[in-house]
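See below for the structure under consideration.
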Amino acid sequence: MNINMKDNFKKWLDLQQKKTLLKFLTCGSVDDGKSTLIGRLLHDTKQIYDDQLFFLKSDSKRHGTQGNEIDLALVVDGLQSEREQGITIDVAYRYFSTNKRKFIIADTPGHEQYTRNMATGASTCDLSILLVDARKGLSEQTYRHSFISTLLGIKYLIVAINKMDLVNYKQEIFENIKKDFLIFSKKLANDLNIIFIPMSALLGENIVFKTKLMPWYQGVTLLSFLETIKIKNSISSEELRFPVQYINRPNADFRGYSGILLSGRMHVGQTIKILPENINSRVSRIVTFDKELKKAEIGESITVVLKDEIDINRGDFFVNIDSILQPSQEAIIDIVWMTDNILLAGESYNVKLSGKKIRVYIKEILFKLDVNTLKKVKSHSLVLNSIGRVKIYFSKPVIFDNYSENRMTGNMIFIDLLTNITVGAGMIVNSLDKKGKIPSNKQKDFESDFYDLITRHFPHWNIPKILMKKVYK
């Protein structure tokens, strides 16, 4: 490799590193064209290689629905059952980039029975593309996916009114769907950013290239919008949140605390507070795998060395010295239930919250949400794919934020005690004891430890519901 090639390669790497990343998902009713849209994006941005095109043409003849044409939906419908049925079942992730930005796409399922898959895809995305069939207008699944997207903290919605070619590109149909969605959106979060784009994913109109068949539409193409939109981070850049994930002690002369800086900034010499111990200390060093830093920014993986010798554990938080954040032991959360086993009040689970594993107890199911009508329904249980609001009790005081304020420190996953399978995803609505005044109860602590022992070594006794309802009712 000559010097010019090395220089060009270095410039290319520098350019790639400077590109911002946008994570978005596509969702909507079955057969609205989600997979076709992603296939069109990849095809028209030259992201499909010649050998992939060759196999795609072959697969299109066997599984495709477009006659002799390439079925672009097969680019992302990877499972055999998906290709045979013509639907998306699993969340399919695809990566591509343009000269302006890098993208991660999540193609989520449209069927109601795959709500948990859709929630999984939405949990890490910044933007949601809601596909609407121009012939059918808004559907119950459109309402459901809009709500789930906003429930998972997504503030940017693109309503992609697809298959405009099948309604003769009529502006009236586009405007009516737009009007209906704006009326519905009043039931969602107040701070949403919504844009409407008429398109045809099959023909590639208003996806990457502007069409001349809809002169009444003066907006940009889908790709142009994705390349230029600026996502406002809901996480405050001032509120320091550094959960300790690992105690780094390679030898007797070094003790550091490793983790990811989730929000705020940190610099050498900064005075911080450690929660839940509520102890102050000063940052003496910030170390990475290959160098030392004077300061650290959001998203950096670092090891922090403190001036004082303090007993710090995994899951403890470093926050600003003037932070009002306090440990809490009770909270109200929204939950997406992801297993066939029914969720009932009085049951207990492990949860992972900001890297810390802790026991929680379901004190009360406040209501179940009908995601098609957004009505609150009184319920004593949650079944697979249900979304509800519950009151939980942590076995120990923990640190967290409301999910609406910080997605990183306000989310948790529920883990079954016996199988260690993930059974639910929770988003914290608020704390019920902001001041951290946790009542001490040694009897409950003993019974909780005794319960741990029994469920670990004698699972066949089948006692979780009986014991924990008595202890934490």
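Yeah, the Cβs are placed from backbone N, Cα and C, and that goes for glycine too.
Each residue in the domain 'tr-type G' (19-238) has a pLDDT score, and their mean in this model is 83. Annotation comment: Swiss-Prot describes 19-238 as domain 'tr-type G'.
Residues or ranges marked as region 'G1' in Swiss-Prot: 28-35.
Residues or ranges marked as GTP binding site by Swiss-Prot: 28-35, 107-111, 162-165. Summarising the environment of Asp31 (GTP binding site), the number of other Cβ atoms within 10 Å of its Cβ, over all protein chains shown, is 18.
What Swiss-Prot records for 86-90 is region 'G2'.
The feature region 'G3' is assigned by Swiss-Prot to 107-110, with similarity to another entry given as support.
For the region 'G4' (162-165), the DSSP counts in helix, strand and coil order read 2 helix, 1 strand, 1 coil. The region 'G4' annotation in Swiss-Prot covers 162-165 and is backed by similarity to another entry.
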Site with most surrounding Cβ atoms, counting all protein chains shown within 10 Å, from the binding-site residues Gly28, Lys34, Thr108, Met164: Lys34
Tally of DSSP helical, extended and coil residues in the region 'G1' (28-35): 2 helix, 1 strand, 5 coil
